[in-house]
Amino acid sequence: MSELTLTVMRLGFLAVLWLFVIVAVQVIRSDLFGTRVTQRGSRRTAAEARPQQGRQQQQAAPPQQRQQPGRQRRGAPTKLVVSEGTLTGTTVALQGQTITLGRAHDSTIVLDDDYASSRHARIYPDRDGQWIVEDLGSTNGTYLERTRLTTPTPVPLGAPIRIGKTVIELRK
Amino acid sequence: MSVVTNTTTIGAIDAPSRRNTELALVIFAVAISVFAYANVGLALNGELPSGMLGYGAGLALLGGVAHLVVRRFAKYADPLLLPLATLLNGLGLALIWRLDQSERLLAHPSFAPAASKQLIFSAMGVALFVGVLLLLKDHRILQRYTYISMVVALVLLILPMFFPAQFGAKIWITIPGIGSIQPGEFAKIVIAVFFSGYLMVKRDALALASRRFMGMYLPRGRDLGPILAIWAMSILILVFETDLGTSLLFFGMFVVMLYVATERTSWIVFGLVMSAVGAVGVASFEPHVQDRVTAWLDPFAGWGTHPASEQMAQVLMSFGSGGTLGTGLGQGHSDLILFAANTDFILATVGEELGLAGVMAFLLLYGLIVERGVRTALAARDPFGKLLAIGLSGAFAIQVFVVAGGVMGLIPLTGMTMPFLAAGGSSVIANWALIGILIRISDTARRPAPAPAPSTDAEMTQVVRP
């Protein structure tokens, strides 16, 4: 047997031995299973959870929409976005459910805001699919754009709803 | 950016069964072993060894049968334990066969070719492994036999005292016509059952009733009883059987399990102090132990005059001549060790022919087995299974440490075998049983939780009309 063959075999054997060790470690790595997130209800949420688009683009879009109240079905908002305050960046998909806002633990969006009441406001769709915001008798009030709400009011796309230091808006 | 929707649930992902990964790794392990066998043959005789096909087929059969049984009876078991054990067993067979080819060893009176016998022992080991998986449907059954296993372990440990010493230690029992077995290897499994059953019941007393002193929890005097009893027993083993390895193994195992059960660091401190006191005390008067200590302290001083030292020196030289990458399988001279070259000192052959890189790979393979055992203990849901898995993998780890440390000159040499690697029936059979129990525990631990029974409250309200 030539010296070269034996050297190749010697190094090859060590390589194969280490390859086994590395493969075994890879198996361990893939064995560290974590948690699984299950989406219940409609399948649409997955599509809606896609990353937020550029901020300017979104802010440019709403004024256009506001001019056309007649085409609500096409321009219906799909998500609620917190744009100011401690929860900035939080989004909630709008699927026809009522969204409650407040410091209470069972609120959809739990506000960590000194100026918010425990059940501050709610946002819900009416029969036509128009989203309505209603103040639930809060201490410091809910503002749509600049006016303090006294009655349930329809929310235009992109209009800021201010609760204490938190600002939320509906977006497409 | 966090996405908050109230329609999301987060649950644990069920462990996949991963039997196909296991199969692929078993095939890989058999292939590596056959490669080692071919390599030895080519290096020694320049041709593929004639027994290669039969040997490879035998090993593949063992791995295949073990895998099929796991697939059928322990579906969710850990995918790594079986391939690792198969690889170590296969490489052990190749190394033993390589030492069988040495003319220097064949001329030595105490040496007999061991490869074919070892293959039969491996088959018996796999048979026991299969038996464990078939008969032990749930490891918690073992809990019922806590005190019976204590008696069995004591009998297994005491028996060798009544048989003559072989090679300076009384750890064998000889059955005429069958051969000799090392009951200590089996005792380590049985005693793990006893320790885990006992500690599961007593751990609260051992953990909670303690005083705080110098940042350490000191147990009450009467809680020291069990550890003192085990200590006394291992000292007795050391004195009457002159076997440091078994003694260290049992005491170490108890301390590890005591620490895991109680989470008190003080037990480790106590254990280390007690074993140091015991070992030094016994070494001061026991000639066999003194012999080993002398050989450990300066192996080259006794060259030519002191056989134990000379053997140790040969071992160290074979590690040295191996270097980083080794001389290649079949091209070393580890047969110069002569006595016990293929049993206690088989790691020296690895060190010489595969070098530091090979020894490291072997130690990692052992480490991975221990890691999977500890992982099984973490995943197990019942305290008995946790303690048993820790005890078994701890015993495995201590055994590897004691042998490898002894062979490399880190601690005085003891008469124990590298699990799966060394020639010897008791060791390979007992270790296959140990792997079988670990696989059974990991199957229970990784099995997905059964679906909850439908609650009667959740059923629809029925309107009963008159």
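Count begins at 1; order follows the chain as displayed.
Just so it is clear, glycine is given a Cβ too, placed from its N, Cα and C backbone atoms.
Straight from TrEMBL, the features:
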type	residues	note
REGION	B:446-466	region 'Disordered'
TRANSMEM	B:23-40	transmembrane segment
TRANSMEM	B:52-69	transmembrane segment
TRANSMEM	B:81-99	transmembrane segment
TRANSMEM	B:119-136	transmembrane segment
TRANSMEM	B:145-163	transmembrane segment
TRANSMEM	B:183-201	transmembrane segment
TRANSMEM	B:222-240	transmembrane segment
TRANSMEM	B:246-262	transmembrane segment
TRANSMEM	B:267-285	transmembrane segment
TRANSMEM	B:345-366	transmembrane segment
TRANSMEM	B:387-411	transmembrane segment
TRANSMEM	B:417-439	transmembrane segment
Would you kindly list the residues that approach the transmembrane segment (B:183-201) from elsewhere in its chain, counting only those six or more residues past its ends and only Cβ-Cβ distances under 8 Å?
142-143, 145-147, 149-150, 152-153, 156-157, 159-160, 171, 173, 226, 243, 246, 249-250, 253-254, 257-258, 261-262, 383-384, 387-388, 390-392, 395, 399, 417, 426-427, 429-431, 433-434, 437
The transmembrane segment (B:267-285) and the transmembrane segment (B:222-240): do they have three or more Cβ pairs under 8 Å, with pairs 6 or more apart in sequence?
yes
Please indicate, using numbers and ranges, the residues of the same chain that are 6 or more beyond the transmembrane segment (B:267-285) and have a C-beta under 8 Å from a C-beta there.
216, 219, 224, 227, 231, 234-235, 238-239, 244, 247-248, 251-252, 254-255, 258-259, 293
Winner by Cβ pairs under 8 Å against the transmembrane segment (B:81-99), considering only B:23-40, B:52-69, B:119-136, B:246-262, B:345-366:
B:23-40
Stretch among B:119-136, B:387-411, B:417-439 sharing the most Cβ pairs under 8 Å with the transmembrane segment (B:246-262):
B:387-411
Close approaches to the transmembrane segment (B:387-411) from elsewhere in its chain (Cβ under 8 angstroms; 6 or more beyond its ends):
139, 142, 188-189, 192-193, 195-196, 199-200, 245, 248-249, 252-253, 256-257, 260-261, 296, 299, 312, 315-316, 319, 344-345, 347-348, 351, 363, 366, 369-370, 372-374, 376-377, 380, 417-419, 431, 434, 437-438, 441-442
Let me check one thing: do the transmembrane segment (B:119-136) and the transmembrane segment (B:345-366) come into contact, meaning three or more Cβ pairs under 8 Å with sequence separation of at least 6?
no
